[in-house]
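Below: one structure, written as structure tokens.
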Amino acid sequence: MKRAFAGKMHQTPRATWGAARRSEDLALFQSYSGTCPTVENCTPVTRFLLLGLTEQARLKGILFVPFLFVYLVTLTGNLAMITLIHTDPQLHTPMYFFLNVLSFIDSSFSTVNTPRLLESFLTSGQSIFFAGCVVQMALMTLNGTAKCLLLATMAYDRFAAICHPLLYHTIMSQSLCVQLVAATYTASAAISALLTGYIFKLPYCGPNIINHYFCDLPTVLQLACADTAEVEFIIFSSSATIILFTITIILVSYAYMLVTICRMHSLKAQSKALSTCASHLTVICLFYGTITFTYTQPRSPSSMEQNKVVSVFYTVVIPMLDPLIYSLRNKDVKAALKRR
């Protein structure tokens, strides 16, 4: 009997410790999975905490200056491109009209998230109001979708210029260009409202730590206190549809252009036609490569960390490269710069 009593006395601290450890494990699981035992017992989230690109203090100090430089170059390059196109009459063509819109999208894309990224390098953690997170996600989705649709529109513009040069200005009239841009933004706004609405109609009542430097679709969705399978499917199918739809337009346009170029008898004409497409193809490969990797792969803890790094390219680096690509590889832009 003494042994039994001693055994119970010996097991009690261990049992207590085990219960406490299980409680800690449950709390840790909730913090990473974004689930809550009962939604009714949880307090609705009013703020989110953005962890930023990295949590290493030393690395933050190193990254601040180069990212600030990239942001300043992005704004300067895109605003300079917009100003040049507006002020030079010889650049008042459909191609440069779309390039003007692309520069505006790149400036907006970078401005929505880069200032917060820079601020995160100077602080240990950055909070954002629930409504602010909604607005940021909506704007990021709007700009990303608009850029996909605009790149497809620019591919059609190049198709009309190369395959139907005599009818180019008739086909790509000013009214059609305006209508295409208006349709691009209308469709992008609708898709942005749809995806953002689906995500934020879910309850957020527990963890509020976002492992990213902006309110991205998949990272915020992980914090929802409900089953997210349906919303994840909607995001995946919407992203895949947009990418496949725009890629199909681009591929078909370039297939017709390639056939037309091969039929040209003059090497000079072929070279000129290819040079007009080189900048656009470069931008397409850079942008579509990163967004396809980010939004169409299965979710996992390791993929989320990779997505943070890849997101830097399409939200920070590529908006800086776009005006440089078009200015360095474009004779009309070089000539316009010399005329100033």
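All positions are counted from 1 along the displayed chain.
Placement of Cβ uses the backbone N, Cα and C atoms for every residue, glycine included.
TrEMBL does not curate its annotations; it predicts them automatically.
Not measured: the values here are computed from a predicted model.
Range with TrEMBL annotation transmembrane segment, chosen from 98-120, 121-143, is 121-143. The average pLDDT for the domain 'G-protein coupled receptors family 1 profile' (77-326) in the predicted structure is 89.
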